[in-house]
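S.K.: Pulled the feature table from TrEMBL, pasting it below:
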DOMAIN    41-290  domain 'G-protein coupled receptors family 1 profile'
TRANSMEM  26-48  transmembrane segment
TRANSMEM  60-82  transmembrane segment
TRANSMEM  102-120  transmembrane segment
TRANSMEM  140-158  transmembrane segment
TRANSMEM  197-216  transmembrane segment
TRANSMEM  237-260  transmembrane segment
TRANSMEM  272-292  transmembrane segment
Amino acid sequence: MEPGNLTGVSEFLLLGFSEGPELQPFIFGLFLSMYLITVFGNLLLILAVSSDSHLHTPMYFFLANLSFVDICFTSTTVPKMLINIQTQSKVITYEGCLSQMYFFILFAGLDIFLLTVMAYDRFVAICHPLHYLVIMNPRVCGLLVLVPWIMSILNSLLESVMVLRLSFCTVLEIPHFFCELNQMIQLACSDTFLSNMVMYFAAVLLGGVPFAGILYSYSKIVSSIRGISSAQGKYKAFSTCASHLSVVSLFYCTVLGVYFSSAAPQSSNSSAVASVMYTVVTPMLNPFIYSLRNRDIKRTLMRFSRMSALKWPTILG
């Protein structure tokens, strides 16, 4: 392959999952369904939290922010893939690829930070219940959302600038369904040492450190729960963080699975399939995990359904 000038790069090809045209309608229907469920489920969760005054607490404030980020996270990759399948095209422009990569890194980072903030919130609620409202006041809650946004934006800008420095070869096929940072670096013909170092450093700093914070928070939570004498008290304390623990486990296990599978000597297509778990499936399941395991959310959603059932006859009449 002959090295190409950076200014000459106009487009990339997203190879997606399958070359077979007979599977494209099935893939289109599957991902369209998952995307609609993700958007509808997370919007419903945001509506429930914003409309019910009983849910105006730090825990649900962070949950609503996580739902918003999950919608944005999925929307950076799935719509473009659906358009490409529908138009039978694999092309994404150079600018579009960089934009997709920028927003993907941004919202992935926000997901990780918000999961860490929610773990801290549960730590304060269970380990320091008498000081919870003082510690988690509105100003602190606002900062715990604002700071992750600032850090994620700066990290995403840095990663994007590193890619802008690279020169690419004439064959620009990305064996993925979106412009993933690691795949972009592997396509480059110029020296990628600095880009790789920045990518690995950011992964350790913005992925490993929050994960360590989550583990520390839950080690303290488990220690506090073990000190509760009554079985009912233990169950009540654990139930307040069970949903979040499920989401954290699902997200981190799928992310680790993707990167272990991409490091193994397998087909590059397997990495794209594995990436579906944390880019599409996890954001889709989050609203169900929180609503099915949370009585307050279920009560609010049941009230919505009753109100809708009462309004429809009036509207139709």
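Cβ from N, Cα, C; glycine included.
Annotations in TrEMBL come from automatic prediction, not curation.
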S.K.: Within the same chain, where does the transmembrane segment (26-48) have neighbours whose Cβ lies under 8 angstroms from its own Cβ atoms, ignoring anything closer than 6 residues to its ends? I mean 6 or more beyond.
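M.R.: That would be 16-18, 55, 63-64, 67-68, 70-71, 74-75, 78-79, 81-82, 85-86, 280-281, 283-284, 286-288, 290-291, 297, 300-301, 304.
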S.K.: Within this structure, do the transmembrane segment (60-82) and the transmembrane segment (140-158) have 3 or more Cβ pairs under 8 angstroms, counting pairs 6 or more apart in sequence?
M.R.: yes
S.K.: State the residues, same chain only, that lie 6 or more residues beyond the ends of the transmembrane segment (237-260) and have a CB under 8 A from a CB inside it; answer 'none' if no residue qualifies.
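M.R.: For the transmembrane segment (237-260), the sequence-distant neighbours (Cβ-Cβ under 8 Å, at least 6 residues beyond its ends) are 59, 111-112, 115, 118-119, 122, 125-126, 207, 211, 214, 218, 221, 224-225, 228, 271, 274-275, 277-278, 281-282, 285-286, 289-290, 293-294.
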S.K.: At least three Cβ pairs under 8 Å linking the transmembrane segment (272-292) and the transmembrane segment (60-82), pairs spaced 6 or more in sequence?
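M.R.: Output yes: the transmembrane segment (272-292) sits against the transmembrane segment (60-82).
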S.K.: Express the predicted model's confidence over the domain 'G-protein coupled receptors family 1 profile' (41-290) as a mean pLDDT, rounded to an integer.
M.R.: 87
